[in-house]
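Pulled from TrEMBL:
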DOMAIN    A:8-106  domain 'Pseudouridine synthase I TruA alpha/beta'
ACT_SITE  A:Asp52  active site, nucleophile
BINDING   A:Tyr113  substrate binding site
DOMAIN    A:146-247  domain 'Pseudouridine synthase I TruA alpha/beta'
2 protein chains.
Amino acid sequence: MPRFRLLIEYDGSAYVGWQRQDNGPSIQGAIEKAILGLTGETVSIRGAGRTDSGVHARGQVANVDLQRGWKGETLRNALNAHLGQNGEQVSILDAAEVSPEFDARFSALRRHYLYRIICRRAPLALEARRAWWVVKPLDHEAMHEAAQMLVGKHDFTTFRSAHCQANSPVRTIDRLDVTRDGEIIEIRATAQSFLHNQIRSFAGTLKLAGEGKWTPEDVRTALEAKDRKACGPVAPPDGLYFMQVDY
Amino acid sequence: MPRFRLLIEYDGSAYVGWQRQDNGPSIQGAIEKAILGLTGETVSIRGAGRTDSGVHARGQVANVDLQRGWKGETLRNALNAHLGQNGEQVSILDAAEVSPEFDARFSALRRHYLYRIICRRAPLALEARRAWWVVKPLDHEAMHEAAQMLVGKHDFTTFRSAHCQANSPVRTIDRLDVTRDGEIIEIRATAQSFLHNQIRSFAGTLKLAGEGKWTPEDVRTALEAKDRKACGPVAPPDGLYFMQVDY
């Protein structure tokens, strides 16, 4: 059976998350339903990252095996037609046949995420559910400095969810940059893989640094504590975007 | 009675438009309801521009007279609290007391609009209802060149809605620039005032130029026809943003 790679964009706010679950509509389920509608096949697709409810994607990747060959463009357009008919907030940006060895999850070399904060007094209207609204002014340079404590290979027990299923809490963060453009603060994170809630845990902790409540040294101490209770409050999912996977 | 100027952001997709109407919720109505909730006063606010259903704003301006003085910040925060409670997609960015001569509509020196097109094969998920999705590739330089035919003082009968209530079809367009950033094409329009549907009529016509169907000369001929039937198809409201008013 030929294997296909799908590149996927979605607005996560209407879904329980990437993964199929009993408690509501998932992005995985939406795409599997579109495939069933198109080909009559009941498939299980595999994503590069299991994003939580409310988390968005501009470049999620998944693989799926289908019974017959498809031209990538035809598959993309037909799946989008089904997704549109079903009223989904999911779009297939690209589809292509790949080697049967390709695995969206395990073949990934690097994953890139963006976390967006909008820092202003007025609530968000146009950006509601698309960014974390923070009222207090944040010093993005202090956030960037604190972020550098988290770059490199560490035991990230402090910064992962109690529900994280990874065997090891050790990860290598290649990049954690904080930049500002007017009222928008962007945190860009790159690693081969992340732990559950790791970037939202980073974002919540870096906000404390931006408010002047935590120094970079406090962030290092929290990291070295290897204790979930040492983490700052976890940031909401609204600001998180799964941007790209490198293979 | 003191007069206040409100600076307003909204997601227009859930509303029948700026103006209060019998057929559904309006942005004007949402703000007037928030004012009633806050002060107990039934007021009629006056906006700088009557945006249509689906049109967004990052900088709509309105004026309102209230019975007592308010600190701008207090008024803004209190109105936002009421708008939030009512589940509105409207945010008051700023509120300030102004001279009783200030009139959001007639004191305006220049209005700035943005029209966003996203040009790609895949439907919009994250940008659904926030841009015009165009599948065919567009040449933004051809669009910009054609746009220059519309700059200056002209009779814009061709480019206004049959329902336009303005006495004169003559307007002076100060700026109509088309730029591209990746798959996003932006049309920026500035004038003291615009006719009803003028920018959406421009956008629909410039798309024809971007597809190579119309030359700049065709745009000039359509303008000179002074005939609504000579206009290209009107672009959807989703891509239009009322950005700023200069006083």
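Heads up, residue numbers simply count up from 1 along the chain you see.
Quick reminder: no glycine exception, Cβ is built from N, Cα and C everywhere.
Cβ environment of the residue listed as 'active site, nucleophile': A:Gly12, A:Gly17, A:Trp18, A:Asn197, A:Arg200, A:Pro237, A:Leu240 lie under 8 Å away, each six or more residues apart in the same chain. Sequence-distant neighbours of A:Tyr113 (substrate binding site) (same chain, 6+ residues apart, CB-CB distance under 8 A): A:Arg188, A:Ala189, A:Thr190, A:Phe194, A:Ile199, A:Leu240, A:Tyr241, A:Phe242, A:Met243. Taken residue by residue, the domain 'Pseudouridine synthase I TruA alpha/beta' (A:146-247) breaks down under DSSP into 37 helix, 31 strand, 34 coil. Across the domain 'Pseudouridine synthase I TruA alpha/beta' (A:8-106), DSSP helix (H, G, I), strand (E, B) and coil residues number 30 helix, 28 strand, 41 coil.
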